[in-house]
């Protein structure tokens, strides 16, 4: 390892052109970083002047040089052409368009990214991150479980991004399901997706920075079985901003569900909820504002799909209506008892006694030993107790909903083996007045930023050094000092806040400020404005400085709930409200005293459990950027974006990703056995010596110099480090080898199939020939029998010959050959035909004739010419026009011809040798003429 002077930051352009690795042999010692200002400015100017190509940079690591200005210009150029996703090394940058882009998240796009062999070759998209995590689970790469962390400021699009991720997994994880589980998968995926509208309705609100701001954090585990099919999910929530129920900041709204009820309720529901048209509620400011999330019917349908029946829905909405009525309750001074507060409607909706509710709100119960003392409350204390009642009801109702959703969508532990987690937390917030809620929210964002720094920026570079790589450290903003200020030990803001909350006396803002100044004056991340009369303290977060108001922060941290209010709610006639407040957990908390468990303590513990999950999984980060503070569609403000880029460390991430080795493997030898012929094709030979293996690379005539070789591959003490360029090159060769192997296997398989098909075809032909021969013989015999039977049926009956009276013919006619018709006295001249033919298509009459002399020996007539006494006319037999019908035996004696249709209709041809005669007619004519 070289000295500190030798680990100089390399030229960015040279680093990128040579594959990105800052290793020995690549660091230009004769060109220190400080001497590159002129060349860097030249490259920067040349890069920025090429405006036509800026939007083509899908990955910001390809930007040369990497500076905040070049990154900003690229993002602005891509945003102007409506390209909202850009790779930034190991992270994905997502710009909020603030308008619907339906074609960007369609089902066809999902299938396209899911079915792609290499999704990274497609345009940057949130589906690439989702598919990469899904394929990691399929490949069982340790750690198998995945986490998708969606971070950014409030209004940057985190909730929408999380919604798209859940829809993607509900689609692709169910697409390959087997038929028998299709109904189950559809039910599960529908329930998982339907959990979103309910959670957003009860946990999101319209703020100054976002119309659908998450006022709680959630981590959704999508549970997959061994076939990577979606079988269930679970939801973990963090720190609901329950104070919003009773206290809404200026120009902000309450939770969405209240406005959905106001705008979507029917007249019958309004009557039940005691909410007539035109009534105004104190806790529903900005009710006239309409946002996209004010869709009551969508929330109702989601409840139905999750199994919340109508009766339970009625109870939920009745409780919410009771909270709104509770907000309209006003209190008079304690000395004026003649003006009682109007609390009847709220009591009816909550199903509690109005007198007991009024008593609990206006009278405190103090315990002195075993005795209880009742003390009237002042007007401010009554309002505080009313707000406390509303907050605790809403918080417990929200927890009950989360539990119900988990029971509906969560599967048994034995049915799933891995999970993909989607983390959606409130974004970094900075308002004019910031209190305990903003402190906890920003603390959560600090924890996530520290996880990103520890996982990507610090751990990656430290690994390079520990493995023996010559690495120049890239400076980055480490927020560990800010976390030490907030949660550190032994003294921090949280510890001092908990200490003040546990004191059994009223809190004083000035006293707490003095305490902070005394204990935390050495920390550079905290400061105070001595000229500001309002007690406050300022924390320098990674995303900027935030002023926190001290007034009321200790009381919010105590979060006291009077026991008499809990007892009142436990006695409610509403079954849901009674169930919520009679749980064992609630009882235990009530007996122990809620004041001992502070808000920051619970939130810190929940965050620590979340960080354990994140550390045990493979994280995938998506940075959501808010292009402008006013949420205007397709409006890009440079100052707003550059501040977010610098705060979340995007530029440093790009530097490390471009200069480092994203691929590290301790099983390199086993994974590259298939590439043995690939290395020979490469033609370079590099010996890597490890205690556990030896991998040869042959250097032939492929033209790779040693500098490029060192920049692409480097071996550490226990791992092999590869740049993305090297991995791409190896993957290309691996694909070729696999393609050739697949082609060989395919050829062998096709040859086997064709040989097998030929054998089967030969056997089938032989069998078919035998069967056809047997069938033809059988048919021929059957046909002969049929013809014989028909001929016997058509033969003259011997009895007719006996009964007929044969007329005496003229000798002259007898010699010439004639027939005598039974109906005509005169003989008729006969034109001879073979005796073996009969008539077809006979008319409905029967004509009998007798043949004698020569005709008896040879044939019977073919046509008859019958004279008429008045007019001559010709009668032709059907034999002449319709063809032959059947074969007859040679007659003996008189012949009786029955002019009836024969069943043998195949011989329907004219018996004339001059015409074309085919079939049986031709055979008959040839044999008889």
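Counting begins at 1 with the first residue displayed.
Placed from the backbone N, Cα and C atoms, the Cβ positions cover glycine too.
Just so you know, TrEMBL annotations are computer predictions that nobody has curated.
Feature annotations, courtesy of TrEMBL:
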type	residues	note
DOMAIN	55-735	domain 'Myosin motor'
BINDING	152, 153, 154, 155, 156, 157, 158, 159	ATP binding site
REGION	607-629	region 'Actin-binding'
TRANSMEM	666-688	transmembrane segment
Just name the winner among 154, 159 (the binding-site residues) by count of other CB atoms within 10 A of its CB. 159
The predicted model's mean pLDDT over the domain 'Myosin motor' (55-735) is 83
10 Å Cβ neighbour count around residue 155 (ATP binding site)? 25
Using a Cβ-Cβ cut-off under 8 angstroms and a sequence gap of six or more, which residues of the chain neighbour residue 153 (ATP binding site)? 209, 427, 428, 429, 543, 624, 626, 644
Do any residues at least six apart in sequence from residue 156 (ATP binding site), in the same chain, have a Cβ closer than 8 Å to its Cβ, and if so which, in order? 94, 96, 427, 624, 625, 626, 644
Which of these binding-site residues has the least crowded Cβ, counting other Cβ atoms within 10 Å: 152, 157? 152
Long-range neighbours only, meaning 6 or more apart in sequence with Cβ under 8 Å: which ones does residue 158 (ATP binding site) have? 150, 151, 152, 214, 424, 425, 427, 624
Cβ within 8 Å of the ATP site centroid (152, 153, 154, 155, 156, 157, 158, 159 excluded): which residues? 96, 210, 427, 624, 626
Residues of the region 'Actin-binding' (607-629) by DSSP state, where helix covers H, G and I: 9 helix, 8 strand, 6 coil
